[in-house]
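Asker: First, the structure itself, so that you have it in front of you.
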Amino acid sequence: MTQQRVSSVFIETVPIVLASASPRRRSLLEQLGLLFKIVSVDSEPLPLSSEHPLEYVIRAAKVKAFAAAALEPRSVIIAADTVVIYTKDDVFEIIGKPQSGNDSFSMLSRFQGGKHQVITGCCIVWPLEENITSVQYEIFYDTASIQFGQWDKDILSSYVSTGESNDKAGAFSIQGIGAFLIDIIEGNYTTILGLPLPQLVKRLLKRKAIKVVLNKNSEETISSDFLTYSR
């Protein structure tokens, strides 16, 4: 499907590839007004037994990004991975996507009344340039937390029956029907959706992969050299 550019603060200067089939990540990039290509890669690794959640999301994002970069070497590749961390008695567990409706119900039941962390790791692979043979990439991550409310089992069961939880980390969608499950959010909303936009945009601007639109009618742009970035 051909993308139509919408009114935007930014415009891309090089081809951009999103290495994800996630509708949430696609929607977030589209909201920026950028045109990009989606390359879905079947390269998501499983967590290792002794691997910290942060190490895992960074590794998973890097694996996805490098797989897409092999297919699109002249593009900026954006890849990400998100996990929900269930913590009890100082022991953490990585909660991925449910395998069944029963699995979804079990996850949501465990979350009730608790505060849990969401981690999104990202990897950007920059386009190969002449006389540069090594891959240039950048890793970053962001965390947020969510406080679940207390809900009756029949409500959770009804939510699971909608099918919305099927492909969501933690078995809920904060952007959809499942928003009612959450009492409190701490941190950036886009991190929970799977793509931390503030950190991503700053890096794309710094490497001049996108520019700021100064005059939306003429698409005149201002160089990112004139902008100040927070580290």
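The backbone N, Cα and C atoms fix where each Cβ goes, glycine too.
A quick note: this is a predicted structure, and the numbers were derived from the prediction, not measured.
Got these off Swiss-Prot a minute ago, pasting:
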SITE      R24  site 'Important for substrate specificity'
ACT_SITE  D81  active site, proton acceptor
SITE      T82  site 'Important for substrate specificity'
SITE      Q175  site 'Important for substrate specificity'
Asker: Based on Cα distances to Q175 (site 'Important for substrate specificity'), point out the closest of the recorded positions R24, D81, T82.
Answerer: R24
Asker: Neighbour count, 10 Å Cβ-Cβ cut-off, for T82 (site 'Important for substrate specificity'): what number do you get?
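Answerer: Excluding its own Cβ, T82 (site 'Important for substrate specificity') sees 29 Cβ atoms within 10 Å.
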Asker: Which number gives the other C-beta atoms within 10 angstroms of the C-beta of R24 (site 'Important for substrate specificity'), all protein chains shown included?
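Answerer: By my count, 19.
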Asker: Within the chain of the residue listed as 'active site, proton acceptor', which residues six or more apart in sequence place their C-beta under 8 angstroms from its C-beta?
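Answerer: Those within reach of the residue listed as 'active site, proton acceptor', by Cβ under 8 Å and sequence separation of 6 or more, are E44, Y56, V57, A60, A61, K64, T120, G121.
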